[in-house]
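Visitor: Let me give you the structure first, and then I'll get to my questions.
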Amino acid sequence: MRSVDDLIGEGVSGRRVLLRADLNVPLDKSTREITDDGRIRASLPTVQALREAGARVVVAAHLGRPKGAPDPQFSLAPVAARLGELLGTTVPLAADVAGSDAVARADALGDGDVLLLENVRFEAAETSKDDAERGALADRLATLADAYVDDAFGAVHRKHASVFDVAERLPRYAGRLVARELEVLTRLTTEPERPYVVVLGGSKVSDKLAVIEALLPKVDRLLVGGGMCFTFLAAQGHGVGSSLLEADQVDTCRRLLAEADGRIVLPVDVVCSPAFAADAGSTVVDAAAIPDDQMGLDVGPRTVELFAGELSGARTVFWNGPMGVFEMAPFQAGTRGVAEAVAAVSGLSVVGGGDSAAAVRVLGLHEESYGHISTGGGASLEYLEGRELPGLAVLTD
Ligand code: ADP
Ligand code: MG
């Protein structure tokens, strides 16, 4: 896999570079203001390196899930403004993805200039399952540049036109963020320093069963919290009240518990509430004694202690998924406790997942306390599952 630094070494001054970046930031629903610009900041090193080398940078990115047609709600305009602020320059936004305005603006770029294309998902072909449809968009994107750099780690698990097909049409390179994410994920999968502890939470167990299967043979401990722990508790024969439960996954969870031979650690207590609400009241109960009319919305204090104990001696930690509904104050303590215990790890600690990374920031923990906070939740999980990621495979010769 060649890197953007190889491209710079080849001499990139005056050449147009199509840079796929992950600028998919959360926006405030009413004001359209960016609420967390972490992904824009993470993309800066590659953009800066290209500018300094005199490249003419054409950035392609997506925002949210528009329905394959232009929609002002999903315009990258706020992102262009923020990117310009952070770079200390003006970043114009093309009116289209690879249409006449994009072509004219790309042609007019000077050395070191940056242009942002409008949301690539305004083109239905971007996410199409049809190779020819994606290929036609990739052809148009490829005419905008002489080389392609993929730095959109959060999108490398997608076989999309701007991630996969366009890379087949131009000399291709990995950006610095992609390189950094890969370096860290490689350390998690090849001879991780032991003890190796993985903490999984979040809402849907079915999303994460594949990664549990893949990691189980490799880890010393797998700590399970969040909404997904209730399917495991049910597999142990406990009632879980009205907590999240994926009944069709109970058998799989039971098999995994048997295979794990004690290495899967479940909560011993749970913060319950009669309703999914911040003001309905909460009580801490034994994980084996959740009342029928209550739902578990966080792990309890004894669980935090148990998990923190498992984490204290760890040399390698991967954490994905909040321990509870951290968006509501009464159910934050579990996620906070685990986030603090992960931050205190002396070896390599990696946080993956959009909500987990958001929790770290919302709860006021210091990002520098972690070895790495991944910008791509789905991509990092699929990598750990051992699946081939199309956006990475296409960069590899
Ligand atoms: P990530 O984005 O880090 O991969 P997920 O998307 O899998 O994480 O899950 C995050 C969501 O899980 C959060 O919105 C959180 O409120 C929810 N969650 C955590 N614990 C529970 C629970 N006990 N019941 C319901 N939802 C939960
Ligand atoms: Mg999420």
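All residue numbers here begin at 1 and follow the chain in the order shown.
Keep in mind that glycine also has a Cβ here, set from the backbone N, Cα and C atoms.
A TrEMBL annotation is a machine prediction, not a hand-curated record.
Got these off TrEMBL a minute ago, pasting:
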BINDING   ASP22, LEU23, ASN24, ARG39, HIS62, LEU63, GLY64, ARG65, ARG121, ARG158  substrate binding site
BINDING   ARG39, ARG121, ARG158  (2R)-3-phosphoglycerate binding site
BINDING   LYS208, GLY296, GLU327, GLY353, GLY354, ASP355, SER356  ATP binding site
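So where do these features actually land, and what's packed around them?
Guide: Counting every protein chain shown, the number of other Cβ atoms lying within 10 Å of the Cβ of ARG158 ((2R)-3-phosphoglycerate binding site) is 20. DSSP assigns ARG158 ((2R)-3-phosphoglycerate binding site) to coil in the three-state reduction, outside any helix or strand.
Taking the Cβ of ARG121 (substrate binding site) as reference, residues of its chain lying under 8 Å away and at least six apart in sequence are, in sequence order, HIS62, LEU63, GLY64, ARG65, PRO66, GLY68, PHE74, THR127. DSSP gives ARG121 (substrate binding site) a helix state.
When Cβ atoms from all protein chains are considered, those within 10 Å of GLU327 (ATP binding site) total 14, not counting its own.
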Visitor: Among all protein chains shown, how many Cβ atoms are found within 10 Å of the Cβ of GLY296 (ATP binding site), not counting that one?
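Guide: Summing over all protein chains shown, GLY296 (ATP binding site) has 29 other Cβ atoms within 10 Å.
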Visitor: If you count other Cβ atoms within 10 Å of each one's Cβ, which of the binding-site residues ARG39, HIS62, LYS208 has the most?
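Guide: Answer by Cβ density within 10 Å: HIS62.
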Visitor: Between ASP355 (ATP binding site) and ARG39 ((2R)-3-phosphoglycerate binding site), how many Å separate their Cα atoms?
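Guide: Spelling it out, the Cα of ASP355 (ATP binding site) and the Cα of ARG39 ((2R)-3-phosphoglycerate binding site) are 13 Å apart.
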Visitor: Just the number: how many Å between the Cα atoms of ARG158 ((2R)-3-phosphoglycerate binding site) and ASN24 (substrate binding site)?
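Guide: One finds 14 Å between the Cα atoms of these residues.
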Visitor: Please give me the CB contact count at 10 A for GLY64 (substrate binding site), counting all chains in the structure.
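Guide: Excluding its own Cβ, the number within 10 Å is 13.
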Visitor: Do you know offhand how many angstrom separate ASN24 (substrate binding site) and GLY296 (ATP binding site) by C-alpha?
Guide: 31
Visitor: If I restrict to non-local contacts, at least six residues apart, and a C-beta distance under 8 angstroms, what lies near ASP22 (substrate binding site) in its own chain?
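Guide: Listed in sequence order, they are ARG39, ALA42, SER43, ALA61, ASP151, ALA152, PHE153, GLY154, ALA155, LEU177, THR375, GLY376.
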